[in-house]
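Undergrad: A single structure is presented below for examination.
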Amino acid sequence: MAQENAAFSPGSEEPPRRRGRQRYVEKDGRCNVQQGNVRETYRYLTDLFTTLVDLQWRLSLLFFVLAYALTWLFFGAIWWLIAYGRGDLEHLEDTAWTPCVNNLNGFVAAFLFSIETETTIGYGHRVITDQCPEGIVLLLLQAILGSMVNAFMVGCMFVKISQPNKRAATLVFSSHAVVSLRDGRLCLMFRVGDLRSSHIVEASIRAKLIRSRQTLEGEFIPLHQTDLSVGFDTGDDRLFLVSPLVISHEIDAASPFWEASRRALERDDFEIVVILEGMVEATGMTCQARSSYLVDEVLWGHRFTSVLTLEDGFYEVDYASFHETFEVPTPSCSARELAEAAARLDAHLYWSIPSRLDEKVEEEGAGEGAGAGDGADKEHNGCLPPPESESKV
């Protein structure tokens, strides 16, 4: 609640209107989208490996157990059928009879022999003889198929274990985004950090604005995506993420927030999705971390608290202050109005020396121009920074 009050200026007529907007991307990076009424489910089977990797762990383990158990049962049944078809089960006590598999006296024995064959743990007193060509062919088929099942299932488990999803959990985003002046220009900023000592290689950052819009033809687009520039043209989107960094989106004429003042921003309805990508240094696999900011998570007139201090021979990062912000003097007008006010201020500096005739005309029109001047001053004052405050969030 303190954060919400800090974002509200006492000079405003009313606090920002709260909304129950449904997130498109959760704060932990999960995409809040479910695929429904998928009729062509056979497409999942065409990419069975990815389907198994994407399954939940309990389902993956269940499939892992079933894959081995069913193959053992299947080949065990075939071994039993071979013994039954050859009449081996009817000559169990006949020492002169040469069976296909020695000491295979029932289905349980055939099942155990199937396990011994596929897992290559070694035969005991059950062993195949050279008088059974169909058994030799089946032995070769089970050995080949067993190797394929092992490769497939072990590969699935390895990929599932080594997925970089957990690595993304140690990439953190600030709980709020802020809007304040940087080098005299309004900027939308958020902070990212890496909790691990091993770094993300080739890290890059992207930001997208998610909001609804209506086209000139009347088409309604509920989740229209717009890129927010975070330094693609200058290379600032390529990060050396050793310590926490503040990512800045300059609100210029190409920004969708160019005409958004503080009050307009608080009344707007949007979601900012931020995406951090890079390669895990230990494995070389691509990792992606995501987060998002709703309207009430964007603090106007705030700046992030510094978390980096210089100690004896090293820099120390204090993650206890990672999400903290503090208020700074920031204009409440839009970036466009701020640029226009700055342009008018620069124009006064280069005003030419008027002639006597111009002075006379100005004296005659002094009364008429007073009202317009007051209006311009009011407009300019709307872009002045608010009183400085030291309250922290």
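Glycine residues also receive a Cβ, built from the backbone N, Cα and C atoms like all the rest.
Reproduced below are the annotations present in Swiss-Prot:
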- 1-57: topological domain 'Cytoplasmic' (TOPO_DOM)
- 58-82: transmembrane segment (TRANSMEM)
- 107-118: intramembrane segment (INTRAMEM)
- 119-125: intramembrane segment (INTRAMEM)
- 135-156: transmembrane segment (TRANSMEM)
- 157-393: topological domain 'Cytoplasmic' (TOPO_DOM)
- 390-393: motif 'PDZ-binding' (MOTIF)
Undergrad: Take every residue in the topological domain 'Cytoplasmic' (1-57), average their pLDDT values, and give the whole-number result.
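TA: Taking every residue in the topological domain 'Cytoplasmic' (1-57) and averaging pLDDT yields 70.
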Undergrad: Should anything in the same chain at least six residues away from the transmembrane segment (58-82) have a Cβ under 8 Å from its Cβ atoms, list it; otherwise answer none.
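TA: Distal contacts: 52, 100-101, 104, 106-107, 110-115, 117-118, 132, 134-135, 138, 142, 145-146, 149, 152-153, 156-157, 160.
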Undergrad: Cβ under 8 Å, sequence separation of at least 6 from the ends of the intramembrane segment (107-118): give me the contacting residues as numbers and ranges.
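TA: Distant Cβ neighbours of the intramembrane segment (107-118) are 68, 71-73, 75-77, 79-80, 83, 101, 124, 126, 139, 142-143, 145-146, 149.
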